[in-house]
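As annotated by TrEMBL, compositional bias 'Acidic residues' applies to 250-263. The domain 'Ig-like' feature in TrEMBL is assigned to 58-132, 154-238. Feature annotation from TrEMBL assigns domain 'Caspase family p20' to 272-350. Taken from TrEMBL, the feature region 'Disordered' applies to 250-269.
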Amino acid sequence: SPLDLEQCSLQVLEPEGSPSWSLLKLLGDRGCTVVELAESLQALEHTEALRCLSHSGIKIVVQPDSRAVLPGQVVKLCCWATGHPFVHYQWFKEEKEVPHGNSPELVLSPVSVKDSGFYICRVNSESSFTFSRWARLEVCELQDTAHGSLMGLPENKLCICIQPQPQNLTVGDALVLECGAVGNPIPHYQWFRNGFPLTNGSKNVYTVTYVDVEHQGTYWCHVFNDQEDKDSKKVEVTIGRKAMAVECTEEDLSDLQESDPQEESSHRPVATDKVALLIGNMSYWNHPQLKAPMVDVYELTSLLRQLDFKVVSLLDLTESEMRNAVDEFLLLLDEGVYGLLYYAGHGYENYGNSFMVPVDAPNPYRSANCLCVQNILRLMQEKQTGLNVFLLDMCRKRNEYDDTILILDALKVTANIVFGYATCQGAEAFEIQQLGLANGIFMKFLKDRLLEDKKITVLLDEIAEDMGKCPLTKGKQALEIRSSLSEKRALTDPVQQSTSSAESLARNLQWAKAHELPESMTLEFQCGVQIQLGFAAEFSNVMIIYTRIVKKPPEITACRAHITDFPVDLDVDPKEANKGTPEETGSYLVSKDLPKHCLYTRLNSLQKLRERLIFTVCLHYEYSGIEDTMDERKEINVGKPLISKLGLHHGFKTKNCPQTCCMPGYPFHNPVESSPEAAEYYIPSHCQPSSCPGVYHPNCACSASITQPEACSCNGTSRILASRHEVQHYSPTVEKSNVPVETTDDTVELEFFLSDSLSFSEQQ
């Protein structure tokens, strides 16, 4: 009846109410069947709900994990799936069935070296079937290491069990260095020589088939996974020339005596420190949403940390938050420090100045609402930095709504500035969207070369060449490089701090403040139930909280726990918290590193946290024979985690406003009182922003009344290139973010480069 429907609809007012759930329960109580429900939905033409009622097929909910272990340990590979009416399992090693491997858990006890290989599980239900992902099992064969000395290690901890050995070779010999490690997730390897990563050194065995004198040096291997990292011992590899008898004259001997016996060594630049600020803006309030910045910032963070950069990675910042983040970034800079600023999001370029657009920028926006990159560069120069690198993954089209001309102070001639623009002046930058994968075109090529030991401008040149060969970007997007770099400086240059100066200590403290996570804790309730509370950082301003019940007294038949009552600053939706998988919370990038079988809550925008992070853990449990549910609550105070310690939520600091990005009309800026270094503005009288309806202005700041071209489209639905300078008809509705998937599978790479299904709609 209409009254029933109204009562169900009112459930939306309850904290955890659901009108749909109430309606389904009502239908069930009245004896309605699924067939009757389907007939009603058919009459309503509610196809989306009908799809929910149909059998969705087999779904694998727990995938097997790759790992490296020692001989004699017990290994358990897990694959759990759901299906209708029930599912069967069969494990394979490569192409052969594993005997008795027909359960969701494959147990190898004890594991031996011959068990090494790739495993996969086939799940079938009636006539359909699917496969899990491949899991790689490495069983390290111990040579000189005592096996018993390693058996007491904590399970799944990263441990190096095979260390490289020093070698004394002659020219022409083969160099073979081996490093073996165990751990879960499976360890990765990166070999170094004299402090620099080796291009082909990403395997546990590093080989040079024919060595020369240039291969001499100190070698070690950096072993890491997504949870921890370790370095092997450092070993010396000496290369001697083979003794050869040659005939020479007295004149040759005379020249030999006069020559300088000291060989010239090329001077390698060094950095006093390396600092990077990475900003990815996606969830715009008044402009089209982006998907790639989250994946781009995450991947670049991982790569820069391998190069010893102190990285601060932030998502979705407002104007004041961006300005304060830049201020904190400048505090980390000092003489000789390498500073790198990466930005992915909406942007534009006017009169040679580049502007980064915050997520709260109005529609349309102007320079007063954005951050000027050139002003940030001037402030970096005042710190006497050793290298200033700007990687701007944004569009550079003109903003027709902004005719303000910034007259900036002249930059110093420092010969250490490098700009890498993702696209040319006046052009757009695109992101790949393929079956949930989202990447900026620029990052797609940048991440493949960033670890190479080359001058930064040479590195960017090669990336530009790679982009030029890609059929997807040809004629649409091309990398542009601007540089005044005179020295051979590279991102791989070593860090060499002469002394532990006060500036260096303050810099380390400032960076550490932004990366402190609360410690994991175990909560014990009066009823005897114990709950583990853990924390993980996805970005400097995004944290995951996971909870699981680790102990339940036998007299308690059922119990469940969840966390609630978060500070209002974080705007946590209760319906998006306490999810069964990290993916349900929107956390796709670190899900494989988190403990399984927990409840997960993702806290975004920690920079908005004004006070300490205080929340409540609620426990509901039932005793055998008692119908009533018992409740217990504990209030948890974890202080200010990650970036919230730096107070980016505060209003923009007036003392730095004219310097970071001078803005006419900004509430805290008084042009009369500002310093002589402040920027000036000139607005030509004939260039006032036009508001004529029906006129197309090629920039992001479009109003709804303006005629706009269609967005780029695909012939199919598998892949599109979306612009970071969208001009489509846009309604600021918050969309569900796509699932970012990172893969290095060769077939995916091949498909990316050989795809011919993409077509662009002509820009109007």
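Any Cβ shown, glycine's included, is placed from N, Cα and C.
Look at the domain 'Ig-like' (154-238): DSSP puts its residues at 3 helix, 43 strand, 39 coil. Broken down by DSSP into helix, strand and coil, the domain 'Caspase family p20' (272-350) contains 28 helix, 26 strand, 25 coil.
Per-class residue totals from DSSP over the domain 'Ig-like' (58-132), listed helix then strand then coil: 3 helix, 39 strand, 33 coil.
Taken as a whole, the domain 'Ig-like' (154-238) shows an average pLDDT of 87 in this prediction.
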